[in-house]
Structures are given as structure tokens and as C-alpha cells.
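Features as listed in Swiss-Prot:
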type: BINDING; residues: D106; note: serotonin binding site
type: DISULFID; residues: C99-C180; note: disulfide bond
type: CARBOHYD; residues: N9; note: N-linked glycosylation site
type: TOPO_DOM; residues: 1-27; note: topological domain 'Extracellular'
type: TOPO_DOM; residues: 53-62; note: topological domain 'Cytoplasmic'
type: TOPO_DOM; residues: 89-96; note: topological domain 'Extracellular'
type: TOPO_DOM; residues: 123-142; note: topological domain 'Cytoplasmic'
type: TOPO_DOM; residues: 168-185; note: topological domain 'Extracellular'
type: TOPO_DOM; residues: 210-268; note: topological domain 'Cytoplasmic'
type: TOPO_DOM; residues: 296-301; note: topological domain 'Extracellular'
type: TOPO_DOM; residues: 326-440; note: topological domain 'Cytoplasmic'
type: TRANSMEM; residues: 28-52; note: transmembrane segment
type: TRANSMEM; residues: 63-88; note: transmembrane segment
type: TRANSMEM; residues: 97-122; note: transmembrane segment
type: TRANSMEM; residues: 143-167; note: transmembrane segment
type: TRANSMEM; residues: 186-209; note: transmembrane segment
type: TRANSMEM; residues: 269-295; note: transmembrane segment
type: TRANSMEM; residues: 302-325; note: transmembrane segment
Amino acid sequence: MVPEPGPVNSSTPAWGPGPPPAPGGSGWVAAALCVVIVLTAAANSLLIALICTQPALRNTSNFFLVSLFTSDLMVGLVVMPPAMLNALYGRWVLARGLCLLWTAFDVMCCSASILNLCLISLDRYLLILSPLRYKLRMTAPRALALILGAWSLAALASFLPLLLGWHELGKARTSAPGQCRLLASLPYVLVASGVTFFLPSGAICFTYCRILLAARKQAVQVASLTTGTATAGQALETLQVPRTPRPGMESADSRRLTTKHSRKALKASLTLGILLSMFFVTWLPFFVASIAQAVCDCISPGLFDVLTWLGYCNSTMNPIIYPLFMRDFKRALGRFVPCVHCPPEHRASPASPSMWTSHSGARPGLSLQQVLPLPLPPNSDSDSASGGTSGLQLTAQLLLPGEATRDPPPPTRAPTVVNFFVTDSVEPEIRQHPLGSPMN
């Protein structure tokens, strides 16, 4: 985070003589800031412990979440407490040597949080847009390399310019006694803001908009599938030859399935809208004010402190918003914390996708399972019911994201299921049986 370009001409602020003054803020301000600090530290610590202790959550996708929660935890433990003292006392009350160090950690932790949000959006983008290639592209070493790159960029944008004095270029202002408001020139503010906010936020908008378009396209494709001549159930469509069609049931089930996918597309739109709104509401005012302050010096210290804490609150909301839309996090939290309600687990195919599940496997939006049982014996019960050997039975399963499917009618013979969307599935064993011979 870029500190406020306050009225100082050195990275070492001036302190007035005597003991620190009494807090100038009211009691409710101190209480509110303490609640924000405790909630930030507790929520991020809980989710880090949850991922580390639950085997179901230890996967490549959650590497980025651990990095995000770590940066937000550092904001709550290292950045917020001195900032609270600064806001309450109106001056820097800690050791003067800690001012520059605290400012550097402020920039690094907040920048790392924003860059980790960008990595999470990239991970979701690859998972939804290229689910079959996700495991090949997003391996554990590549994920760790991306995380290391994000933290390195955040450190370079914070410690290096401050230690070398690049933030003071072109500035000549009188110092304010007792203040720890770092001098920042317009070039430094523009470069730091562009690298740590505007470029990552553009990438976040691009990836989430592509995900939203993919969700809507999937809903349209499913709706077009339900308008075919085949009988579409709510989650199971069975084509059997011969079979008597029932047009009334076709149209009703098709409308029901289309409506459900339309609702899911709308829910995905609202989810992305909430995430993007929270991100820009918390951080955009701060960076706009930073640029305005560097240009015209027209932002009061009180208003800048409010905008700074608004950006800090993004680290409080991240551990609440992101797991809120992840079902596996809810179930793991229910097992980890007994008082938390654990939603029931749905039986879903490993190929079923969800933007907000943290599994790293490839899971496309539509799972089609082809079931090809061999011809049944002439004296089987199915022949007497259908009037002859049924020959070929095709089962196409439309699996909605994150939902359980209805159990199909029990087959007369156990079919061989081939899932074409699971890359590491075992090859099925094919055996030949002559027509009319019994199968084991």
C-alpha cells in the first residue's frame, strides 16, 4: 500500500518533545478499530489452520488462498495496530526507528494481498476456461513460483524505493512534528499504484468477466440441449431403444432444467458482482486519493486515514467472502469447528465443475457418461418387459455444478461406465460376449 504523501521531507519524521499526548479519538472509534483488528487476525488464522489440517483442502488451488490469508494476517498483526495508535493519538508514539520499517511492511503486505487476489482470479480463470488442461498448466511448482513472484514484487515495490529514497525525488516540504506520513512524489505514487493496484485490478476484471461469460454460455448450451427430442430429466436423461416418448414430460422437464441453469447463471453473476464490488469499494478510493494528494496536496489527513482503513478492511473481508462461496470450505469448517453448521455433502461426479470449489482437478461444466451394456439374454426380464432384446442403451447424464444427481433406475446388468472427462481414470476392461450368452 502506498502511504499518504504527507507534509514531510524525510523518511525519518520529527517528534515533538515530551510524552505522547492522550488519545484524541473517541472510545467507540478505538473499540471499532480493535474489533476490526481482532476479526482480521482471527479469521485469517482460522482459515490458514483449516487448510493445513484438513487433507481435503490441501491442493494446488488453495496455495493461493493460503498466500492471501497470510498477507491479510500480516496486515492485521503488523500493520493495523500501529495505524490504530497513529489514528487515536494523532502522532507516531512508537520508536522513531520503527516508522520507516512499519511503512515498508504496510506497502508490502497490502500490495501482496492485492496481487494474491489477482493470482486467485487467474487460477479460477484457468480452472473454468480450460478444465481439462488445468492440472497440466497449474502444477504445484508453478503455483509456488507465482506466489513467490507476487511476494517479491510486493517487496520490491516497498522496501527498495523506501531504502533508496526514491519516494522523496522532487519533494521539498516542511516537516510536521511527530508524524509518520511518508513523503511520496508523483512518479513514485503513479508507478507503485500502477504496479500494485491498477494492473492487478485490470487482470481481475478481465478474468472474472471471462468466467461470467463462460457461465452464461454454459447455461445457454444446457438450455439448447434440453430442447432436443430426447427426454430430459431434471438431472438424468436416458435414451433407450425401443422406448415410447412422452412429449408432456419432455417439455416440463426441459423447462425445469433450463430455469435451474438460468438461476445458477444469475447466482454466478451476483457472486462475481459482490467480489468485484468489495475489492474496488475498499481499495479504489485510497489509490485515487493517493494520486490526488501527490498532485495537489488537497486531501486532509483525517480523510486519508479513513480511506486507508477502508483499504485495510479488505483484509478483514477476504477470509469471509471467499470461503463463503466454497462448499468444501464450509464442510471442512463444520468438521473443524463443531458449533458451525456443516452443509450436507452432495454426491457429484469428479467431472462436475464449480467456480467456487477448491478442488484442483479438471471438471467441465457438463458431464456426459456413456453407458453401453452388452445385449441381455433372451430370457431376461428386460426382454419380456420391452418385447425383445433391447440391444443398446445410452445414458447421458447432465450434471449441474455442485448438485447431486438423481439415482437412475437400477439396471438389470451392471453397466460399464466410461467417464471421458476424468484424465486419470482407469481404462475399462472390454469383454466380448456372443448374443444370447449369459454375462458374469
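Glycine is treated like the rest: Cβ placed from N, Cα and C.
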Could you break down the residues of the topological domain 'Cytoplasmic' (53-62) into DSSP helix, strand and coil, giving a count for each?
7 helix, 0 strand, 3 coil
Cβ pairs under 8 Å only, please: of the recorded stretches 28-52, 143-167, 269-295, 302-325, which one is richest in them relative to the transmembrane segment (97-122)?
143-167
Other than its close neighbours in sequence, what residues sit by the transmembrane segment (186-209), given a CB gap under 8 Å and a spacing of at least six beyond its ends?
1-2, 5, 107, 110-111, 114-115, 117-118, 121-122, 124-125, 153-154, 157, 161, 166-167, 169-170, 272, 275-276, 279-280, 283-284, 287, 290-291, 294-295
Closest-packing stretch to the transmembrane segment (63-88), where packing means Cβ pairs under 8 Å, from 28-52, 143-167, 269-295, 302-325:
28-52
Would you pick out, from the disulfide-bonded residues C99, C180, the residue whose Cβ has the largest number of other Cβ atoms within 10 Å?
C180
Determine, from DSSP, whether C180 (disulfide bond) sits in helix, strand or coil.
coil
What parts of the chain pack near the topological domain 'Cytoplasmic' (53-62), using Cβ distances under 8 Å and only residues at least 6 beyond its ends?
123, 127, 138-140, 143, 328-329, 331-332, 335-336, 358-360
I'd like the Cβ neighbour count for the residue listed as 'serotonin binding site', meaning other Cβ atoms within 10 Å of its Cβ, all protein chains included.
24
Average pLDDT across the topological domain 'Cytoplasmic' (326-440), rounded to a whole number:
49
The topological domain 'Extracellular' (296-301), counted residue by residue under DSSP: helix, strand, coil:
2 helix, 0 strand, 4 coil
Three-state secondary structure, C99 (disulfide bond) (per DSSP):
helix
Between D106 (serotonin binding site) and C180 (disulfide bond), the C-alpha gap once rounded to whole angstrom:
12
I'd like the per-state residue tally for the topological domain 'Cytoplasmic' (123-142) from DSSP, helix first, then strand, then coil.
17 helix, 0 strand, 3 coil
Give the three-state DSSP assignment (helix, strand or coil) for the residue listed as 'serotonin binding site'.
helix
